[in-house]
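Listed features, source TrEMBL:
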BINDING   B:Cys210, B:Cys292, B:Cys293  Zn(2+) binding site
COMPBIAS  B:382-397  compositional bias 'Basic and acidic residues'
DOMAIN    B:6-307  domain 'Hcy-binding'
REGION    B:355-397  region 'Disordered'
Protein chains: 4
Amino acid sequence: MAPAKKGILERLDAGEVVIGDGGFVFALEKRGYVKAGPWTPEAAVEHPEAVRQLHREFLRSGSNVMQTFTFYASDDKLENRGNKLSFTGAQINEAACDLAREVANEGDALVAGGVCQTPSYLSCKSETEVKAILKKQLDVFVRKDVDFLIAEYFEHVEEAVWAVEVLKETGKPVAACLCIGPDGDMHGVSPGECAVRLVKAGAQIVGVNCHFDPMTCVKAVKMMKEGVEKAGLKAHYMVQPLAYHTPDCSCQGFIDLPEFPFGLEPRILSRWDMHAYAREAYNTGIRFIGGCCGFEPYHIRAVAEELAPERGFLPEASEKHGNWGAGLEMHTKPWVRARARRDYWENLKPASGRPLCPSMSSPDGWGVTKGHSDLMQQSEATSKDQLKQLFDRSKSQ
Amino acid sequence: MAPAKKGILERLDAGEVVIGDGGFVFALEKRGYVKAGPWTPEAAVEHPEAVRQLHREFLRSGSNVMQTFTFYASDDKLENRGNKLSFTGAQINEAACDLAREVANEGDALVAGGVCQTPSYLSCKSETEVKAILKKQLDVFVRKDVDFLIAEYFEHVEEAVWAVEVLKETGKPVAACLCIGPDGDMHGVSPGECAVRLVKAGAQIVGVNCHFDPMTCVKAVKMMKEGVEKAGLKAHYMVQPLAYHTPDCSCQGFIDLPEFPFGLEPRILSRWDMHAYAREAYNTGIRFIGGCCGFEPYHIRAVAEELAPERGFLPEASEKHGNWGAGLEMHTKPWVRARARRDYWENLKPASGRPLCPSMSSPDGWGVTKGHSDLMQQSEATSKDQLKQLFDRSKSQ
Amino acid sequence: MAPAKKGILERLDAGEVVIGDGGFVFALEKRGYVKAGPWTPEAAVEHPEAVRQLHREFLRSGSNVMQTFTFYASDDKLENRGNKLSFTGAQINEAACDLAREVANEGDALVAGGVCQTPSYLSCKSETEVKAILKKQLDVFVRKDVDFLIAEYFEHVEEAVWAVEVLKETGKPVAACLCIGPDGDMHGVSPGECAVRLVKAGAQIVGVNCHFDPMTCVKAVKMMKEGVEKAGLKAHYMVQPLAYHTPDCSCQGFIDLPEFPFGLEPRILSRWDMHAYAREAYNTGIRFIGGCCGFEPYHIRAVAEELAPERGFLPEASEKHGNWGAGLEMHTKPWVRARARRDYWENLKPASGRPLCPSMSSPDGWGVTKGHSDLMQQSEATSKDQLKQLFDRSKSQ
Amino acid sequence: MAPAKKGILERLDAGEVVIGDGGFVFALEKRGYVKAGPWTPEAAVEHPEAVRQLHREFLRSGSNVMQTFTFYASDDKLENRGNKLSFTGAQINEAACDLAREVANEGDALVAGGVCQTPSYLSCKSETEVKAILKKQLDVFVRKDVDFLIAEYFEHVEEAVWAVEVLKETGKPVAACLCIGPDGDMHGVSPGECAVRLVKAGAQIVGVNCHFDPMTCVKAVKMMKEGVEKAGLKAHYMVQPLAYHTPDCSCQGFIDLPEFPFGLEPRILSRWDMHAYAREAYNTGIRFIGGCCGFEPYHIRAVAEELAPERGFLPEASEKHGNWGAGLEMHTKPWVRARARRDYWENLKPASGRPLCPSMSSPDGWGVTKGHSDLMQQSEATSKDQLKQLFDRSKSQ
């Protein structure tokens, strides 16, 4: 029998770097297994080989955490998003746990069960109702004995605190991430204050995920850290940003961008952008460093390669990747071989090849999402009338 | 027993649209299974599950052709690119054939064995030597009974003609693609003239692959078609372009771009660009329409969705994709639901989020590649001295 | 004898719009009469016809204020900037007053005598010394009986307050402008606080000029207005921004841009940008609206045309300009005639025709300028050694 | 009495560089004296001081040629463009000649009388009618004894040949410029063939002006030179391009750009672009080097500074301009002083400060202009109905 792995808190307490995984929803959408719009994870049951393969690629790339592919897998969400399948939320959550565990066992990775914000909260359901929804998903994680829990992708710190309170009841380590930037949550609560509330609610690890590009997210976590320290509290920090450049985003992040979600290609970060991100996150004192939407396995590998000196080893997938482009020494063309050096890639300003496109966008200006009449969640697809109304509004801006 | 599938020529003769697959080398590099620089396909033996999964994703996305993952799998190339593995070229080629066949059997796809240009030709070896190299790879394809053959990624029509001559000996249908644009091959032979030579050498299908973006490649194939028709010959046409915008490229295509191969992200085509490409290729009279480097499964799906009216059906993966963004009708945010319409995505000019980057690059100005002293291929990695020489030259431009 | 013109305060008290003039230094540099670097106004003596002509063009374009062309015409500056001419500061200032008065008399314009920040202040001279320098320039303005005074282009509110104190002694109306943005002066004093100090020192009109683009400057003046009102004080407001887009600038404004001063062309505002600026300034409650570096006569005309409804008349130069492009109705080409409409120009996103250039720059990060050892002013040109030192520093950033 | 100046042909025969002037129509539009749309030169009578001043600025900047400000001053044009003035074409042409001569006498410059294409030709009038129109304008030039003649801004070589034939009758030296790029005239006659026809018609100097950016124009003149030499003929060459970047233009040049004429600011060439242009033109063998629309005095000065080694002297206006930014050695800010060096400005890639704008435009696709029903010229302003028709057409493209 293999020796027990070190738990997430043991690792962080020891100062180790823990590398998260990347974005399942976006990666599997491009591979043909997730539908953009509903974004639900029924592929865990329908196409387990595809989910397993993606787990494996992240493991090979250096991930120490296999997050169960259970994003939006709460029953209220599955219903709301027009799920016509014969699978219950429980079935999906169970399958996702098994897949994560199977691959985690192939390497040095832990399994994290993840919950995220609920349509119930956005539709102004009560604390009790929201907690009941979260609890239901959690029951599977307990039964499947995941190694720790992550509450992530919360726009409102209030709901995130409720989630932490529910998760804490399991006795497992709890991480909590908001999908916010330096401007704070949807009601303007600052990152520092958000972090304090999450830590007080019992989260041992706090941070942000999704919605903004890496440097913006690191900045927000830095503000969290300063808030926690100022309050005399202690915590570990994590960051799992987008792999898209978002200099033009405000509070709702990339959701507001006109390119979301089907025209984001020109914003994808290169592996060299990831090196800079990993270094900045590390220097900021963040030790749980991963990714969210847009992160492909090679992005995670770049994070692991940047932090190889600190971790003491390269990820397995680096057998297929020369350091800072060194593999190009074997390229056929001599002028490409001349690019096998760090300063070349560090200083490159990559062109988009799109001379008719601007470099930045004017995002929609949405902010508060809870309680807004347009945001009351519904099971039906948006009707023609509703669409027309939204369209007219966007034109009049 | 399943009824025999229609062969490639039967399909094309009947006017059917045949959808190719996407780019294995680049996709598997990002997934951690191929090394950029050597670009060799040993993953077929080392990590068959990763190769199988990618085949499956393309099949689900609508591909009718599973190309064996044998790019650069000639023995001279494997040696030249520093391959220290215990696998022979034959082993890799065999494994690749088995994987392609296994997945092809899961749907309506054919298996195509592929060969490409050889280091031997670039190093000025004789016709006999080059043909011997190609023949060796071919033996496996015959033994494994692939459905047809593709000679692709040739910069020089002379070598491509040699390849067609070798492939023709098998009796199988032969397709031939150059990696050229409208300016013709590396010696300036026009696309029309190149196509005529290939058809005369026996290729039943001719076209271009790699090196340029879709619209540029379609333009080059159009010139091929005009050349063939003007010469009173007949052929079918294929196109398998990059999924990167290359308006700034000249004869060597994207290899010359400073972003190649590790900074190409901002150039990646969106699915909507792919719709335009598929329509343009179809209107030009091309019926074998696929992709090369940069094409991910969702790109192929977009091609299949655009041509669904002509083909009469949607690809399997469209179960996870609403037509022209229709899936967004189920998105949580109302302003994103308002994007669930064709004109929104067709007219979007996506920003790169990179205001410090230009929109176009100044590519290196490399042209002729055969025989140039810098291009004599070698087994060793580029030496420090060689690198310095190349670097000095690039600075002095 | 002509009836006496209404004074500046009478106009502003009556709620009239007063239109300033544009940027003499930059415009005359392009016409060949001012040297970039020293930026001194000896042309008033050397080439009066050129200065007179520019005054006239601004008058025709709608300006109600002829600022004497006396920028940097203090003796300490003239000496410091390597002025080898036989003209004294007094001679230059006198000639400039005569030219401004001559043209002002041709229309409904007032003459404003202008002083700006001194090298003496940057080199840490005492209040007494700085005030003496300013006083010397002022003597000419009093002798020539200008209509009012403007203290402008001050980076430090402290020096601006000193200037206002000196100017107040003349009994003439005093306007005071800092060259700051929303971040405040070089020591971080907020625009609101700066304005309060200037008003308390006796300035009847306060605002900002130079260094930032129009919208940024309007934002800074808005903050000034809020500060003044919050302090229970009263003032009039003015704004004379750059005619260059500066979204990428921080505290030192366009001086920090790598394009300053010889590569700013792609940033020049169009006349339509000026319409938006004039409207925004007006809506903010600013009534003295003009321009600084980069403003050509047609920019001022655009301001006057936008505010024609409020002013009740068009400027004289509008005899040569159709409203919102209406003149194009007489263009030879029909497709250009189709551009003779407001919505066309309002919605145009003009391209730069520079696909190898970025859309934004990384400005140098200079901030505090007073007292910094590099900023001690000297009469000699920068030496080779000094240049090398500066260059090395900029590279190491 | 001053010694007679050397004539234009004497200078060119001697291998001297002759520097032309810049663009009066665009410069005076910005100064408030010309109306965009009609573009007619009545300012020569109405505001002689403004025209005289611009001549003087070009003279100071190094121009050896004062072109009479008579663009579009043919009677048919003046009528067609809604000219309601009491001036005849003859009066305007006479005043323009006097102004050019007055300033030419102040330095080493010649006076060139200019004619350009006529509305009569575009409206398919006969050769006799077109020539009569041109002859009328010419009578003034003869009476005023200009030094030589320039037929410029012709889109069709046929009309340009007619113009040369008329001009030749005066016995004065004749220069002829088409407003074409490398694609040739509006009927596709190549630059080489155009030049041959013009030389055969009697033009001693041939070249191109307007419509394209400097490098494109130089390329077209190079093709002219090659055509003339191949035909065994002899000629001198001239080039007077736009001061706007036009990489995205096709046959109608900048007229087709959506930015024409009121949104061209971001395309304006810097003085450093002008250095590159002057050098390229000189190296191509062109010796009459000037500018057209967009050229301001400082652009001409840059041409004169680049060619100072060849000419042996700097222009007068260089007293106000340090070589390659040397004047900045006297700038207040040290980091700006560090920009006082050639390599800084030569390598700068200036940003536009417009992150929401593309770098290139999609020009309208207009080509042939003669005889097209939309191009029949009329005296009335475009009617509402005509505008609507044009607008609908542009939308349907």
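Glycine too: its Cβ is placed from the backbone N, Cα and C atoms.
Long-range neighbours of B:Cys293 (Zn(2+) binding site) (same chain, six or more residues apart, CB within less than 8 Å of its CB): B:Gly23, B:Val25, B:Phe26, B:Cys210, B:Leu242, B:Ala243, B:Tyr244, B:Phe254.
Annotation for the binding-site residues B:Cys210, B:Cys292: lowest Cβ count within 10 Å of the residue's own Cβ, B:Cys210. DSSP classifies B:Cys293 (Zn(2+) binding site) as coil under the three-state reduction. Apart from B:Cys210, B:Cys292, B:Cys293, the residues listed for Zn(2+), the same chain places the Cβ atoms of B:Gly23, B:Val25, B:Phe26, B:Tyr153, B:Cys179, B:Asn209, B:His211, B:Gln240, B:Pro241, B:Leu242, B:Gly291, B:Gly294, B:Phe295 within 8 Å of the centroid of those Cβ atoms.
Summed and averaged per residue, pLDDT over the domain 'Hcy-binding' (B:6-307) gives 95.
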